[in-house]
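Got a structure for you, questions after.
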Amino acid sequence: MKVSSAIALLLPVVAARFVDSAFEQDHVQLHPEQAAAEQFLIELSPGETRWVTEDEKWELRRNGQRFMDITDNRDLGLASAQSATTGPARVFPPNVTLDEEVFPLLANLSKGELQTHLEKLTSFHTRYYRSEHGRASSNWLLGQVKKTVGEAGGFKHGITVKPFKHPWGQNSVIARIPGQTNRTIVVGAHQDSINLFLPSVLSAPGADDDGSGTVTILEALRVLLQSEAVLAGKAANTIEFHWYSAEEGGLLGSQAIFNTYEKASRDVRAMLQQDMTGFVQRTLDAGEVESVGVIVDYVDPGLTAFIKKVITAYCDIPFIETKCGYACSDHASASKAGYPSAFVIESAFERSDDHIHTSDDLIKYLSFDHMLQHARLTLAFVYELAFADFDKLDKAAAVSVAPEMGDL
């Protein structure tokens, strides 16, 4: 019997043992009897589904299996699948072009801001999405995003910061910066954390997974709003920053959001996920070069190619191609909804942080210098695509694939 299997058998017993004391002392919501009775429909690969209990979900995660919990979002992607054969492929700029505007902004990114926010975020006992701590951390994050926008004067220009509410209590957070069109560029990170051994009881500081991504895009937002053109809504495209709830439970928060967007026919032109942006030690220990891991499986190839150009132009370290499998982060929800999505991580996937999903996912293992490179990527990515003329790009692409007279 695997060790994880043996531990899994003990989980309901141990959870029940800690219910009273944990709830009274830490205010963590513990409902082991409810979790044991619930059944969830998960998707382990495209079209491969299975009904499981809550404990079985965590057993799969402990064994390295990723999945989407599609129980409440079984229709995600249906509308986009019906139009996929007739809709045009999305195209992206062939090169970066706004270096004169972007580089001055990059100079204002701050490691101090990253550290201050991450210290607060990891001070919560856990950010488990079904816990009171998870609710509290989400409320703090919502307030911090509002503070960031307010200090920049963003609310006077129509920028909004709103919770996207979920039935489990921990809400997602969406900051929206209106542009000249409703075409939307999204950057995301997940705000929740988990300890895969007794999620409702044990601590889960989640410094790297995904506290690092959460504060990375928050810092990118802070500096982006220093652009008068962006602040005043002069960008060609609308920009959204997303902090997803319940990624660890099977991409629950992001599925709910992109399901809503798909049904509303929202025009999302690009989505970039930042999940784990601060750990480099295993890369260095292996004698390899510090780099940004660019995921190349289950992503949009055109958007991913553009991201490589952004890294080359605006980051101080190179990129390395790597794979993470199906449903490995929230970009998978956007992709399933028919939106071009991409994912970057701190290193080659096999060199990524091995402290995650435990009480040992701590700040002391992270590099804020490396996190800053991800912030540079996020800021440059958003700025370049915010001002991209997608109408012009679409027309150019249509001309390039049009048949010549001799082919008719």
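Every residue gets a Cβ built from N, Cα and C, even glycine.
As annotated in Swiss-Prot:
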type	residues	note
SIGNAL	1-16	signal peptide
CARBOHYD	Asn95	N-linked glycosylation site
CARBOHYD	Asn108	N-linked glycosylation site
CARBOHYD	Asn182	N-linked glycosylation site
BINDING	His190, Asp209, Asp275	Zn(2+) 1 binding site
BINDING	Asp209, Glu248, His357	Zn(2+) 2 binding site
DISULFID	Cys324-Cys328	disulfide bond
Tell me, if you would, which residue among His190, His357 (binding-site residues) has the fewest other CB atoms within 10 Å in the structure shown?
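Counting other Cβ atoms within 10 Å of each of the binding-site residues His190, His357 gives the minimum at His357.
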From the centroid of the CB atoms of His190, Asp209, Asp275, the recorded Zn(2+) 1 site, which same-chain residues not already listed sit within 8 A by their CB, in sequence order?
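Once His190, Asp209, Asp275 are set aside, the remaining close residues are Ala189, Gly206, Asp210, Gly213, Thr214, Glu247, Glu248, Met276, Ser329, Asp330.
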Among the glycosylation sites listed here (Asn95, Asn108), identify the one with the smallest other-Cβ count within 10 Å.
Asn95
Under 8 Å between C-beta atoms and at least six apart in sequence, can you list the same-chain neighbours of Cys324 (disulfide bond), or say none if there are none?
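Same-chain residues close to Cys324 (disulfide bond) (Cβ under 8 Å, separated by 6 or more) are Arg66, Ile295, Asp297, Phe343, Ile345, Phe349.
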Relative to the Cβ position of Asn182 (N-linked glycosylation site), how many further Cβ atoms are located within 10 Å?
12
What subset of the recorded positions Asn95, Asn108, Glu248, His357 lies within 10 angstroms of His190 (Zn(2+) 1 binding site) at the C-alpha level?
Glu248
Of the recorded positions Asn95, Asn182, Glu248, which one has its Cα closest to the Cα of Asn108 (N-linked glycosylation site)?
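Considering only the listed recorded positions, the nearest one is Asn95.
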Counting every protein chain present, what is the number of Cβ atoms, excluding its own, within 10 Å of the Cβ of Asp209 (Zn(2+) 1 binding site)?
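29, counting other Cβ atoms within 10 Å of Asp209 (Zn(2+) 1 binding site).
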List, in sequence order, the residues of the same chain other than Asp209, Glu248, His357 whose Cβ lies within 8 Å of the centroid of the Cβ atoms of the recorded Zn(2+) 2 site.
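My list of surrounding residues reads Arg61, Asp192, Ser193, Ile194, Leu196, Ala204, Gly206, Asp210, Glu247, Ile356, Asp361.
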What is the interatomic distance between the Cα atoms of His357 (Zn(2+) 2 binding site) and Asp209 (Zn(2+) 1 binding site), given in whole Å?
8
How long is the line from the C-alpha of Asn182 (N-linked glycosylation site) to the C-alpha of Asp209 (Zn(2+) 1 binding site), rounded to the nearest angstrom?
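A Cα-Cα distance of 31 Å.
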Check each residue in the chain of Cys328 (disulfide bond) that is at least six apart in sequence and keep those whose C-beta is under 8 Å from its C-beta; list them in sequence order.
Arg66, Ile295, Tyr298, Phe343
